[in-house]
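Novice: This is the feature table in TrEMBL:
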TRANSMEM  37-58  transmembrane segment
DOMAIN    114-252  domain 'Peptidase S54 rhomboid'
TRANSMEM  123-146  transmembrane segment
TRANSMEM  152-174  transmembrane segment
TRANSMEM  186-204  transmembrane segment
TRANSMEM  210-228  transmembrane segment
TRANSMEM  240-258  transmembrane segment
TRANSMEM  278-300  transmembrane segment
Amino acid sequence: MASDGDGKGRVATAPGAGGYGYGYGYAGFEGEEDRKWWPWLVPTVIVACIAVFVVEMYENNCPKNRSQLGGDCVAGFLRRFSFQPLRENPLLGPSSSTLEKMGALDWNKIVHQNQGWRLISCIWLHAGLIHLVVNMLSLLFIGIRLEQQFGFVRIGAIYLLSGFGGSVLSALFLRNNYISVGASGALFGLLGSMLSELLMNWTIYSNKAAAIITLLFIIALNLAIGILPHADNFAHIGGFATGFLLGFVLLARPQFGWMEHHELPQTNQPPKYKAYQYILWVVALVLLLVGFVISLVMLFKGKNGNDGCHWCHYLNCVPTSKWKCNT
């Protein structure tokens, strides 16, 4: 958060995954909840994801394990770290078998081989250099400001739990013949938490309409991109829903009567949580726990989410004359 020239207005700007941003004023009481944290967790996560990608490429070793599809390794001068042929991986990355070996989301292995750890490990893997750069830039723009505002504990919890929630929903609906990797679910969780934080702390923000319209546009745009082939929109939706509920639980700010505080500046009344904030906190926590329990029970019982929702596959990919969704 940054102050304006007279030190009274509080402004927070948080760009979205597509590089967009929105601003809204905070005219509340500046206390412990309003301090600025030094962000270290988000840069650490970025460095960790880059390191994991380097290990992916080392393990892949394209010159030695060239695909049966044919073609030359991309950037062959990198030798062992060169990329798979573009016809196999247009994102400049390893083979599917390497990703699967290193912990990609695989329904069959999770359910039938008791490898539930893949629900977490897949968050740290990326399908290619392009995939990695896009996700890490998004995390940098979104995560840094959130960590500055709310600290590493809350933002770290939202990031990991949203990634986990996205993995669970993805596994429920994608099932056989697909693997999934990437931090997109966790990133959508941060976007969801931004929306619920704005709603939860509605009374302390100015420019409310502009803020929520801009944020909803960013979210809708990114979800719309997810209906293209090869994108895992179920991970996006699961991560967003988890982050949205976690925002109500973890990102509430104590408030007070703003007009009363400015009309009576001599009072030292501390900010308090409002009744609606307690209600939202309880409802969100219950929905989050119930959602996780039901989803995990369905997953490990081998249930197919599409059996109970015959149209849900359109949330992940919409077929057109230009592309098919079963490739």
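Cβ from N, Cα, C; glycine included.
Keep in mind that TrEMBL annotations are predicted by a computer and have not been checked by a curator.
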Novice: Could you tell me whether the transmembrane segment (186-204) and the transmembrane segment (210-228) have 3+ CB pairs under 8 A, leaving out pairs under 6 positions apart?
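Specialist: They do touch: at least three Cβ pairs between the two stretches lie under 8 Å.
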Novice: Return the stretch with the most CB pairs under 8 A relative to the transmembrane segment (123-146), choosing among 37-58, 186-204, 278-300.
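Specialist: The listed stretch sharing the most Cβ pairs with the transmembrane segment (123-146) is 37-58.
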